[in-house]
Amino acid sequence: MDEMDEIVRIVNDSMWYVPNAFMDDGDNEGHISVNNVCHMYLAFFDVDISSHLFKLVIKHCDLNKRLKCGNSPLHCYTMNTRFNPSVLKILLRHGMRNFDSKDKKGHIPLHHYLIHSLSIDNKIFDILTDPIDDFSKSSDLLLCYLRYKFNGSLNYYVLYKLLTKGSDPNCVDEDGLTSLHYYCKHISAFHESNYYKSKSHTKMRAEKRFIYAIIDHGANINAVTKIGNTPLHTYLQQYTKHSPRVVYALLSRGADTRIRNNLDCTPIMEYIKNDCATGHILIMLLNWHEQKYGKLQKEEGQHLLYLFIKHNQGYGSRSLNILRYLLDRFDIQKDEYYNTMTPLHTAFQNCNNNVASYLVYIGYDINLPTKDDKTVFDLVFENRNIIYKADVVNDIIHHRLKVSLPMIKSLFYKMSEFSPYDDHYVKKIIAYCLLRDESFAELHTKFCLNEDYKSVFMKNISFDKIDSIIEKCSRDISLLKEIRISDTDLYTVLRTEDIRYHTYLEAIHSDKRISFPMYDDLIEQCHLSMEHKSKLVDKALNKLESTIDSQSRLSYLPPEIMRNIITKLSDYHLNSMLYGKNHYKYYP
């Protein structure tokens, strides 16, 4: 056996599969032969320069032989996941070339190095690029690097050299993304975890410089992908922290905020749908748009609010800051409709309880129907995307006295539409309905005699489950009526939530010997709500008393009358009285 046969034997013994790309031109196509053994070795083996096999390959193999697919040994070694710079240098010293030869995909060895290398070595990069005068014949190198490495750390030496040696910044992949699209993805994906590590990350200096550089080298700032996204769309869609400096860099170099993607959304619309959106960047975008293209009309503002409520499920002050800003900037009133719905209808229809709760708090009427005469309950039950409808209905019921009695009564005819997996919330809903509506249980008893009524429960929650819940609630209500609280009873206090009785309710809530299985949660909610309201009323009265002088007509009112008047104010109005424009900071 000669040494070439020995190379084939050693490589063949270690390989169980030959990829199509490595098939040779000989009779043994699909197998390892003298024609492709060097390529297989350099592509898949952990090349050890001290090994016997490596020395045989160097001695007997043609280091520049190309397969019919175009792969040279240099192509193969640059795609080796165990690539070692010292090995490459030895191969080059032994005559390996083909720096600019292309495989059947149009890739030169540098493509594979950029794609497969875990970390780009500047010296190796120079070795692979210096023999090439310019990259005009391999114009997608910059796109290749960014496409495969955008979610990790980028080498800016590599970026700038690719850019300045002729790599086309307007090359696109099969989805229409350019280098700038991928770079915008990189800024979001990689810098989220590094944002506060240093001032350079916070100020995004390197990122801004490269954005300016790539545009100066001809990148189209408004290039659109196959789904219509510009680089600004792409950046603002990412679910990570955004930098106002990056946004400004894109805007100042000509990013058009009017361009709509295939979903008919501008970059501003895409941003407002993002849970990670912040008020200061939104203000920057809107101000820039209006300075460049004119003032946004009322209907455009309503549409932005609609998109925000429908898609943005962010929680906390950041989300509410945007909501308040949009309501104020576009002067949107509580009873104002967009298409057929108010903002509150949109919130409940799209399960955005964070927004809905705030809108109810500031005075939006939960009982107001849509223009086509639908209640918020109707919107929930008509939305097929809401699987667990009882969860959302419970969020509405949670507003208790703000929900009118006719609305409560309407739920009787929707009980059969609850899912059998919703029984936790169904119990809460039915318990409150029976508390508020004395006819609820009577109506159920009456309908029980009708077999058609029972049959409507066949598809979803069972009739027996509903019947059992109503029976338990009725039993607890009888007990609630027996508990005396001053001049009334516990049942009436829970129905009216009169804060005069909050101390009595607190005593009942803290007494572990008293329990109402179907109403314990409601008692706790009412206790906390009444306690909070009582404290607000006390603070408001103290502030009012400190500002009323003896000449004021209010000073003649008896304290109990004054307290009764203040008690009728909502939490929103009390907080506004106490804290003025800063009232939103005290939103519960």
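Quick reminder: no glycine exception, Cβ is built from N, Cα and C everywhere.
Looking up the ranges 359-376, 413-430, 557-574 in Swiss-Prot, the one annotated as region 'PRANC/F-box-like' turns out to be 557-574. The helix, strand and coil residue counts that DSSP assigns across the region 'PRANC/F-box-like' (557-574) are 13 helix, 0 strand, 5 coil. For the repeat 'ANK 1' (69-101), the DSSP-based tally of helix, strand and coil residues reads 15 helix, 0 strand, 18 coil. Away from its own ends, the region 'PRANC/F-box-like' (557-574) comes close to residues 361-363, 499, 532-533, 536-537, 539-541, 544, 583, 588 of its chain (Cβ-Cβ under 8 Å, at least six residues beyond either end). Nonlocal intrachain contacts for the repeat 'ANK 5' (339-368), taken as residues 6+ away from its ends with a CB within less than 8 angstroms of a stretch CB, comprise 305-306, 308-315, 319-320, 323, 327, 332, 374-376, 379-380, 383, 386, 392, 395-396, 399, 402-404, 406-407, 570-572, 587-588.
Within the chain, the repeat 'ANK 1' (69-101) has long-range Cβ neighbours (under 8 A, six or more residues past its boundaries) at 20-23, 38-40, 42-47, 49, 58, 61-63, 107-110, 112-113, 115-117, 121, 123-124, 127-128, 131-132, 137-138. Mean predicted confidence for the repeat 'ANK 5' (339-368): the pLDDT average there is 96.
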